[in-house]
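According to Swiss-Prot, the protein has these features:
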type	residues	note
ACT_SITE	ASP8	active site, proton acceptor
ACT_SITE	ASP127	active site, proton donor
Amino acid sequence: MEIIPAIDLKEGQAVRLTKGLMESAKIYSDEPWRLAKSFEELGAKWLHIVDLNGAFAGEPKNLESIRKIRESCNLKIELGGGIRDEATIKRYVELGVDRIILGSVAMKNPEFVKEMASRYKIAVGIDAKEGYVAAEGWAETGKVKATELAALFREVPLDAIICTDISKDGTLEGINREFTQAIAEASGHYTIASGGLASEEEIPLLAQAKGVDGVIVGKAFYEGRIDLGTLYKRLSGCLN
């Protein structure tokens, strides 16, 4: 089970949203690169970054902050938010991003995702409201079921699936384990849970869910619900 801390970027600052609403943004740091460095010191191996402005704009909007984060740490980085074309993917890969997250474009142009997965390390981000896929910074909800989209990529060489129940995101109410496991089973891929993690006690339960291999830690860390340093030490030796 991979424990992945998250940094969501809005206008160069590290923030957290509630249920994907930009107006709910709470600022946690003006220096996201310092956060990244601290996550590495605590024992993290991966870092999850979302360019929130980019997710709404459909193009990179926090490039300088992302570059500084990359320069400040040796963590592996997965990044999403507004990535719609190969030129942007190349730009991030050249910057040193290890895994590219494709979200909105996965619903709107799955053939593009399949093509990119043959060339780059790609994760598909499946974000859902009431079981249906949401896109464009979660501002749009389509008619595609999340499990159907996951199944569509079953034979595609993806690096991971990252799934979020938007109704749980940023609420500290607990991750929707049933939804996460359904996505994992439908896709057959390494699956990372996201949205609503409330406490350390949830993590062993997620680890027991078939096909769920990682979890993203966001607001639970920033609000002091989870001590990442202690968690990494506790899990070493019993969870990979």
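Using N, Cα and C of the backbone, Cβ positions are placed for all residues, glycine too.
If you draw a 10 Å sphere around the CB of ASP127 (active site, proton donor), it holds 26 other CB atoms from the protein chains shown.
In this structure the C-alpha atoms belonging to the residue listed as 'active site, proton donor' and ASP8 (active site, proton acceptor) are separated by 15 Å. Contacts of the residue listed as 'active site, proton acceptor' defined by a Cβ separation under 8 A and a same-chain sequence distance of 6+ are given as ALA14, VAL15, ARG16, LEU17, ILE49, VAL50, LEU52, GLY218, in order along the sequence.
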